[in-house]
Ligand code: 2AM
Ligand code: CA
């Protein structure tokens, strides 16, 4: 199954690559939440291919998600373009993210960045790979030696009260080597899996943003949790991922509200 899914993601990725740095028709879902015709087109092509190969498996995809999904059933989570703002602005941190879940448990995760030609893959209990080579998380054990990824919800503009978000940033800035805000949750999780980031946290995400990256990070030896440190599920407002070693230290800095 995974090789079929990789081929399908590559088809989607080719469309992203062909349209990167081209003039795009950009629409707004909210004041800073963008969508382009490429998001819709990649989603259409990937969904058609999935339907053809795996007709009985439900697909939950960003641009056509329904509310009444039975997540107990086998399901694909698809984000056709994760990092749409990056895509629109020509920042090359953009990916197709596809995951296969059975009974709410991740079985396969694929995150493909066609611009940087990075294909992250993982199957449960079989390790995580970047372009076919095994990857694993960093061995950094202290916050002071850590690079931390994060992201901010699109609602940050409307919400007005962002003091807690700023306080978390302050805590990380004052305790780590630095913060990166790269703009793709799927790739942030993969960069934690690859040992580039030592930890990552974000709120306000949807299943298709994190479903694939979560398996990849776990299979690379990392740990994923809620803000309180308990098990992460898609209903949790916050996701925290790390190499495992700094996990509690990271939570200590951000679990402040
Ligand atoms: P997107 O590019 O597919 O929209 C940036 O911080 C990351 O968070 C991206 O992966 C972005 O996904 C996602 N993101 C931010 N706010 C979001 C929201 N309200 N709903 C879904 N995804 C969001
Ligand atoms: Ca998207």
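Any Cβ shown, glycine's included, is placed from N, Cα and C.
All protein chains considered, the CB of residue 209 (Mg(2+) binding site) has 25 other CB atoms within 10 Å. The annotation Mg(2+) binding site is assigned in TrEMBL to 62, 79, 82, 209.
Of the binding-site residues 62, 79, 82, 79 has the largest number of other Cβ atoms within 10 Å of its own Cβ. Selection of the binding-site residues 62, 79, 82, 209 by a Cβ distance under 6 Å from ligand 2 yields, in sequence order, 62, 79, 82. Neighbours of the Mg(2+) site: apart from 62, 79, 82, 209, residues of the same chain with C-beta atoms within 8 angstroms of the site's C-beta centroid are 78, 80, 81, 97, 185, 186, 206, 208.
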